[in-house]
Amino acid sequence: MNNLNQTIVAPTTNISTQAISLIRISGDDSFNIINKLLKTKIKEEKNVWVRKMFDGQELVDEVVITSFVSPASFTGENVVEIACHGGILNTQRIINLIIKNGARMANKGEFSQRAFLNNKIDLIQAEGINDLIFAKNELALKIGVNNMSGAHNQSIINLKGNLLDIISRIQVSIDYPDYDDVEGSSIPELAKALSGINEEVNNLLKRSKMAIKNTNGIKTAIVGKTNVGKSSLLNALLNEDKAIVTDIHGTTRDIVTGEINLENISLNLIDTAGIRETTDIVEGLGIEKSLKIIDEAELVLFVVDFKSINDEENKMIFDKLENKNYILVFNKSEFINDIERNKIKDLHNNFVYTSAINNDIDNLIMKIEQMHINEEIINNDSLILINLQQITLVEQVKDRLEKSLNAIIGGMPIDIVNVDLHEAWDYLNQLIGEQYDEEIIDNIFKKYCLGK
């Protein structure tokens, strides 16, 4: 665990050639340290100050200082934020002066960690900050903002309250077995109450698992025969020349990857080697990889040429896709006539036309969004978690609740039921940060940016 008694400093903006850099100091000595660098001192109060900063008698910079007094700050400590002129040398020089005068460099996420430890934010809010910073699309951004603000955290508090009520009823029954008239402590009443809590937890888990696919990225394989336009499609989707495109069959021999972020969904794209019969050992290894990636993909974009759709290679790919989520992509649409389009319409229902070489891929984007964007998630105003560690904790809560419910219905001794309920309670506390392991907390905040 970081030493909370030390005053820390870090840049809150990237150190680069830019107009303005922001530097944050947090800790008991924040005002003392900054005043060592000023001829005209600032008071220990919430305010904004324009000051000249000195190293001894040498002018360093003219800065704007925003000061906050404990506990009314992000970290809950005395905080001084300095807006100085940008530039790598100037920013680093000021940070070095602050360290020289009594601060130490903050670790990654240490400001947020102090905010959590000083009860300024709970753990869901802290994770929400990181979700917001690393958001890849609008859905992730919305969830990050909601969780950072604590807008929906009351739902966890309510779950805890309802669970504690059940635990208390059971404990009374254990401690006073002769009293059989404790309100709400009969087996049917306990089972009903537990079922309600379990349903809420299941709904939270369902929402979160649906959302995390869209926010973290859906593993999307681009597959097909050689020379049907797979690499051109990847380049068009990424809007860059990531993959080599030639008229020579078998150009792509290894896996080429990229990422595309749409409004409410992200795709982790994988361009695979063209699938065909070959005696080339290197190309054959690439084809083996392609077939393996089809198995692992969550979405497959199967690129085909209409004129060869029924040949052996395509039939083999169709067989691999029997139980997969896929879109049939008729690329080079400029060469498909109306008669051929009518035949396609009669034979297939999940297809799109594209012309990657002309960047005409809007139909494909729309189809992907239709298949994977759930309006229930987009418009949902309830708590959604998009962090794997949080989802794991919710799964543990669900597991203990279901064990307890099955035990009650199965006539198990009530004290055994209470053990699982106490564990569910502990996991809810860990989720919101009211109960934690110091090493786990350190690991959580190490994922954050320096200065956050």
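Every residue, even glycine, has its Cβ placed from backbone N, Cα and C.
Annotated features, as they stand in Swiss-Prot:
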type	residues	note
BINDING	R24, E81, K120, K452	(6S)-5-formyl-5,6,7,8-tetrahydrofolate binding site
DOMAIN	217-373	domain 'TrmE-type G'
BINDING	227-232, 246-252, 271-274	GTP binding site
BINDING	N227, T246, I248, T251	K(+) binding site
BINDING	S231, T252	Mg(2+) binding site
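Features per Swiss-Prot, on structure.
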residue	record	contacts (Cβ under 8 Å, 6+ apart)
R24	(6S)-5-formyl-5,6,7,8-tetrahydrofolate binding site	V9, A10, P11, T12, V79, V80, E81, I82, A106, F111, G451
K120	(6S)-5-formyl-5,6,7,8-tetrahydrofolate binding site	P71, F74, T75, G76
K452	(6S)-5-formyl-5,6,7,8-tetrahydrofolate binding site	T12, K108, G109, F111, S112, I129, N130, I133
Translate the DSSP assignment of E81 ((6S)-5-formyl-5,6,7,8-tetrahydrofolate binding site) into the three-state scheme.
strand
If you measure S231 (Mg(2+) binding site) to A273 (GTP binding site) at Cα, how many Å is it?
9
(6S)-5-formyl-5,6,7,8-tetrahydrofolate site shell beyond R24, E81, K120, K452, criterion: Cβ within 8 Å of Cβ centroid:
T12, S26, S73, F74, T75, V79, F111, S112, A115, G451
Mind checking which of N227, S231 has the fewest other CB atoms within 10 A of its CB? They're the binding-site residues.
N227
Is it possible to get the count of other C-beta atoms within 10 angstroms of the C-beta of E81 ((6S)-5-formyl-5,6,7,8-tetrahydrofolate binding site)?
19
Just to be sure I understand the packing, how many Cβ atoms besides its own are within 10 Å of the Cβ of K230 (GTP binding site)?
31
When DSSP is mapped onto helix/strand/coil, what comes out for S231 (Mg(2+) binding site)?
helix
Within 10 Å of the Cβ of A273 (GTP binding site), how many other Cβ atoms can be counted across all chains shown?
27
